[in-house]
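Colleague: Per Swiss-Prot, the feature D-ribose 5-phosphate binding site maps to Asp23, Gly152, Gly213, Gly234, Ser235. Swiss-Prot lists Lys80 with the feature active site, schiff-base intermediate with D-ribose 5-phosphate, giving sequence analysis as the kind of evidence. The D-glyceraldehyde 3-phosphate binding site feature in Swiss-Prot is assigned to Arg164; the stated evidence is sequence analysis.
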Amino acid sequence: METGTFKVKSGLAQMLKGGVIMDVTTPEQAKIAEEAGACAVMALERVPSDIRAAGGVARMADPTIIEKIMKVVSIPVMAKCRIGHFVEAQILESMGVDYIDESEVLTPADESFHVWKHDFKVPFVCGCRDLGEALRRIGEGAAMIRTKGEAGTGNIVEAVRHMRSVMGSVRRVQSMSADELSAYAKEINAPLELVLELHKTGKLPVVNFAAGGVATPADAALMMQLGADGVFVGSGIFKSSDPAAMAKAVVKAVTHYKDAKVLAEISKGLGDAMPGLDIKQIEPDKLISRRGW
C-alpha cells in the first residue's frame, strides 16, 4: 500500500474516532493519560494555559521532551508545529511522531501560508472556526480537523461556537441545489471540489474533533452531542486538582456522552476543574483562535 497518500493519512486519523487526545508535558503525565484510556497524547513543553500566561513566542517543543514521551507510551504521539513552519514539521516527521498539529496555540511563523501538508507522509491535524477554514486546511492536506475553541481558558464557549458553525454549514450545503455550490464555495473561500464532495456525502471527508476549553466530563459530552468525532483536552486534565480521576472521567464521558446518568456518576468527586477565563475579558489581539486564515 502506498504510504503518505491523503486516503491513507485520513484513514489513520479515522482510527482515533470516539477517543480523547490529552496534552502531556512529561513521561509521567503520558502514562497517566494512557492508563486513563486516551487514544493519543500531544507532547508539549507547556500546556496552553501556561503558554498563554507566559506570553512571548511559543515554538515547537524540545525534541528531547517529545522523544522521552514517545518511549514510554504505546498509543500514538502527536506534536505541535507553528502555523506555516514547514521546517518544524520536517523535524517532527523525521523523529517519527504519529501526527503533527499545525497549531494556533504556538506563535504563527507565517502570516500568509499554512504548511503544504501534501508534501508530508505523516498526517496533520489543523484547527478551524468555520466550514471555510476547515475545507481550506483539508485542501492543503489536513487529515484531521478540530475546533480551535480558545485554548488554555477552560471555557468551552468558543469550541461550541466553532462546532455549531461547522455542523450548521454542513447541513446548509446538503440542502443546496447544485447550481448554488460554486457561488457558496467562493463565498466561504473553500475548494469547490471539497464543497461538491460534502454536498454528495453529507459529511466532512476527515474526522472533526473538539478542542479548546474542554475542562470537565460534561464539556466533553456536550461537544460529542454537538457532532464532534472525539475530543482534545489540553490544560483541563493536568490543571485540575485530580488529573488521573479527571482523565478517566473525560474518557468515559466521550464513550457515554448520551447517557446523563453515567455522566452524573463520573462527575462526582473529581475535585476542582482548572481555573477558567471569561472570553469577554481577553483582549481581542490576545485571542489564540484568531490565528490562522
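Numbers run from 1 along the shown chain.
Positions of Cβ are set from backbone N, Cα and C atoms, glycine also.
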Colleague: Lys80, Arg164: which of these recorded positions has the sparsest Cβ neighbourhood within 10 Å?
Modeller: Arg164
Colleague: Quick check on the binding-site residues: of Gly213, Gly234, whose CB has the lowest count of neighbouring CB atoms inside 10 Å?
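Modeller: Output over binding-site residues Gly213, Gly234: least Cβ neighbours within 10 Å is Gly234.
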Colleague: What does DSSP say about the residue listed as 'D-glyceraldehyde 3-phosphate binding site': helix, strand or coil?
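Modeller: Going by the DSSP assignment, the residue listed as 'D-glyceraldehyde 3-phosphate binding site' falls within a helical segment, counted as helix.
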Colleague: In the structure shown, with every protein chain counted, which of the binding-site residues Asp23, Ser235 has the densest set of Cβ atoms within 10 angstroms of its Cβ?
Modeller: Asp23
